[in-house]
Amino acid sequence: MKQMVCWLTAGLLTLGGLPARAGDTVPAVPETPAAPAAPAVQETPASSAAPGFWQRSWDNVETTWRSDRYELYLPAITWHNRAFYDRDKIDEYNEHPWGLGLGRYRYDSDGNWHALYAMFFLDSHDKVEPFAGYAWQKIWRPADDVRLGAGFTVGVTARSDYSYIPFPAILPLVSVEYRRLALQATYIPGGHNNGNVLFGWLRWQL
């Protein structure tokens, strides 16, 4: 009988149903180790967005406007592409674009040329034509004091045959430069007896 009571007591103690009597030894239950804390997540600061195309364009114009460097423009040649014009038109049109212009210019950190300018010259009909705008050229330097450029100009002009109503123009630009003097030119596209004109001028850095 005494042996049966001991078995029952041991079973109840194992299940945790009864408190141990004085003198009874209860085996220690090993503690479950706590899970390690997750490492703190570091916040990554939001990177500042690069300026867009329009903002960069405006910054270039504004920086060029603040430049203290000036250059003089002297219109030199107007050439009507003979492949697109009848002979009588060639004989009729003016190809001596007398005029004058002035601009502000700068070279950026990459060595490229920027300018804001205004120019007046005689058009194909011997009428005064104004042109004002912004210009940019990628510059290559094949030798000391020699520069080659290619880029574009965007601006506003007005012509007598369009009642001097202003209209925008985007045109290509190329140049050959030596020290402070440059020969610069653009080509105006068009159709038969219209457009297809090479227009060139001298540019002198003051």
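Here the Cβ of each residue, glycine as well, is placed from N, Cα and C on the backbone.
Range with Swiss-Prot annotation region 'Disordered', chosen from 1-25, 26-50, 151-175, is 26-50.
Counting every protein chain shown, the Cβ of H80 (active site) has 22 other Cβ atoms within 10 Å. DSSP assigns D123 (active site) to coil, not to a helix or a strand. Of all Cβ atoms in the shown protein chains, 14 besides its own fall within 10 Å of the Cβ of K89 (site 'Role in lipopolysaccharide recognition'). According to DSSP, K89 (site 'Role in lipopolysaccharide recognition') is assigned to a helical segment.
Annotated pair D123 (active site) and H80 (active site), C-alpha to C-alpha distance, rounded: 11 Å.
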